[in-house]
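See structure below.
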């Protein structure tokens, strides 16, 4: 494999912040990289999970999608930007909250992201194996070999460096956007009203609020790209210096507008085509919306394209989550007192990630889903509540206090947190 790119500290030492200037290709690459991390294979289940609540909760979620996504991720970006030059999220937490809190949050950060990486490792293996068997009519290789080759291929991209990884993710976004748009447009002639059947039935306030309460985490985590925010913020600060907050806000706005418009168009096109009963049937069969649509229309093109679209979605999200998980693991290793060189640390982290992801993808343990669910409350705290707490406690962030958006983020964070915890214990 190629040697890892220079460390964050090395890049800071070798660079001089640029003037804000006009929008650059680098900004577009990051915009698409953020999109790529957020919009993964879960998007293919979103029309089912979001549509089952009925028309009015879905409409409210659609209205809230952009502000929920933008203000929360902007807050986390500002939190990372508030630290010393070159500091990632694990170092900024230690800087602002002390060594003990920093160590605890670093561990939680890693264990909130790493299970998602394991889920993607399993899903990638399942998708390729199924595609070879059912679409290509080939006998897939043994699962251990297939999973090793797939994960090794993705980690080879990561070993080319952070910038190369983000560029690959941005390139993978293009076919995914085209696929979502074409699928949404394909369904337009088949719109039957679908979910509009429930529009005339306004549920009682208590039932409506309960449905909305349970549905908010679905939308929150569908657009979550917090694992890559730390690397994004560090790179913006390196490139733009004192203008990093302004430019990162512009990139976030465009990325979130793109993901919200594209995904919601796809979601509404699906729920206007399928009835509530059909969405419930897809949920019961544990099928993605593409698989269900392929069966519904007896369309071999959709059936063939579905695993390819899923592969692209999983691959780009895997890369984005790897950046966050590796950052967390490096922070944990640093907390042990070990001080390996940057390149040696990169090799150790990559080797550990490869071995664990490969073993899990081969064994596909049933407990994995439960472990992923346990990370939900941690992500809600880190994404929504920690940056808002820092605005009140950290002097360098107090300039952001007093904004109504801060209250909105706290409310959404508490709603998401309580809903996820309720889902775990109920």
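Placed from the backbone N, Cα and C atoms, the Cβ positions cover glycine too.
Record features (TrEMBL):
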- 30-48: transmembrane segment (TRANSMEM)
- 54-76: transmembrane segment (TRANSMEM)
- 97-123: transmembrane segment (TRANSMEM)
- 143-160: transmembrane segment (TRANSMEM)
- 172-192: transmembrane segment (TRANSMEM)
- 212-234: transmembrane segment (TRANSMEM)
- 255-280: transmembrane segment (TRANSMEM)
- 300-323: transmembrane segment (TRANSMEM)
- 344-361: transmembrane segment (TRANSMEM)
- 367-391: transmembrane segment (TRANSMEM)
- 403-425: transmembrane segment (TRANSMEM)
Quiz item: Are the transmembrane segment (54-76) and the transmembrane segment (300-323) close, by which I mean at least 3 Cβ pairs under 8 Å that are 6+ residues apart in sequence?
Solution: no
Best-packed against the transmembrane segment (97-123), counting Cβ pairs under 8 Å over 30-48, 143-160, 172-192, 300-323, is stretch 300-323
Among 143-160, 172-192, 212-234, 300-323, the stretch with the most Cβ pairs under 8 Å to the transmembrane segment (255-280) is 172-192
With the cut-off at Cβ under 8 Å and a gap of six or more residues from its ends, the chain residues touching the transmembrane segment (300-323) are 33, 36-41, 43-44, 113, 116-117, 120-121, 123-124, 127-128, 130-131, 135, 154-155, 157-158, 162, 165, 168-169, 172-173, 175-176, 179, 183, 225, 227-228, 231, 288, 290-291, 293-294, 353
Long-range CB partners for the transmembrane segment (212-234) (under 8 A, at least six residues beyond its ends), listed in sequence order, are 8, 30, 33-35, 37-39, 42-43, 46, 49-50, 53, 57-58, 60-61, 64-65, 68-69, 72-73, 76-78, 80-81, 86-90, 113, 116, 162, 166, 244, 248, 251, 256, 259-260, 263, 320-321, 323-325, 327, 376, 379-380, 382-383, 412, 415-416, 418-420, 422-423
